[in-house]
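Have a look at the structure below before the remarks.
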């Protein structure tokens with residue numbers, strides 16, 4: 001009872017904190033910046049991160065297994081991964097970056113879906129099925145979910161890049177507010193180039209727009225590549241550890257189970273992305289399109305088996321019931 005109450009409290013504190021932070025930052029889009037709110041997002045994200053961490057630890061202690069046994073727990077861990085990826089660059093460089101624009105809302109929406117009424121039946125865990133009672137559970141599933149989080153974040157940066165490339169007029173909308181975007185822009189704030197050389201200052205408005213646009217595209221492409229590379233490493237480790245676990249549990253390293261097949265397709269798509277990035281002539285829009293395809297494939301891989309409830313990886317499947 002105590003653990004259940006603590007989990008309930010941590011869930012609501014984390015979601016309420018982030019909701020307040022979002023509201024405050026939305027207000028700053030309509031009025032001038034309010035003193036004291038400049039770093040409110042990072043502080044709110046930090047509080048939420050520790051609450052989600054406490055929630056996972058609580059379930060781990062209470063149910064006596066690593067909290068990655070069903071869709072609800074994996075979504076909470078995915079949300080935790082987004083929070084982690086969000087904060088690491090800020091702690092390392094102490095500056096804003098375009099990654100924050102993606103990771104913050106991703107974490108919030110993932111957590112919101114996990115705590116919604118759709119997965120209520122999964123909030124109460126239970127005894128693991130024999131196949132999941134292995135030390136490989138933590139290694140395999142955590143690496144896969146961390147990989148999904150990084151790949152999704154990097155892919156969304158690529159989607160943003162595509163929007164900017166194919167809709168040039170979009171930049172003009174943001175030009176009304178401190179050269180393209182105010183630094184307090186939604187969720188973590190894209191940091192546009194601070195250098196203001198005399199050439200740029202004396203240039204025509206169209207030249208300035210093109211300059212900032214090219215710098216933004218370069219920054220998005222840079223962060224997308226770094227985050228996807230990290231996610232690809234996690235995904236590779238997850239697939240390899242899963243193969244070893246499958247051999248122990250089912251007597252075969254690879255069974256072409258639906259989850260395994262889609263995981264392999266996901267790995268192949270992002271391997272193609274990384275290969276394209278080695279060619280300078282194909283960077284930008286070409287690699288971003290591949291990343292966008294990978295983004296769609298990840299959701300098929302992550303939710304597909306759970307929704308269909310088929311295959312050897314259908315332990316955490318769920319069905320939607322209508323009242």
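Placed from the backbone N, Cα and C atoms, the Cβ positions cover glycine too.
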For the annotation transmembrane segment in Swiss-Prot, which listed range does it cover: 71-91, 176-196?
71-91
In the same chain, residues at least 6 away from the ends of the transmembrane segment (288-308) whose Cβ sits under 8 Å of its Cβ atoms read 71, 148, 151-152, 154-156, 158-159, 161-162, 165, 221, 224, 228, 258-259, 262-263, 265-266, 269-270, 272-273, 276, 314, 316-318
Which stretch from 43-63, 71-91, 99-119, 227-247, 256-276 shares the most C-beta pairs under 8 Å with the transmembrane segment (146-166)?
227-247
Across 43-63, 99-119, 227-247, 256-276, the most C-beta pairs under 8 Å with the transmembrane segment (71-91) come from 99-119
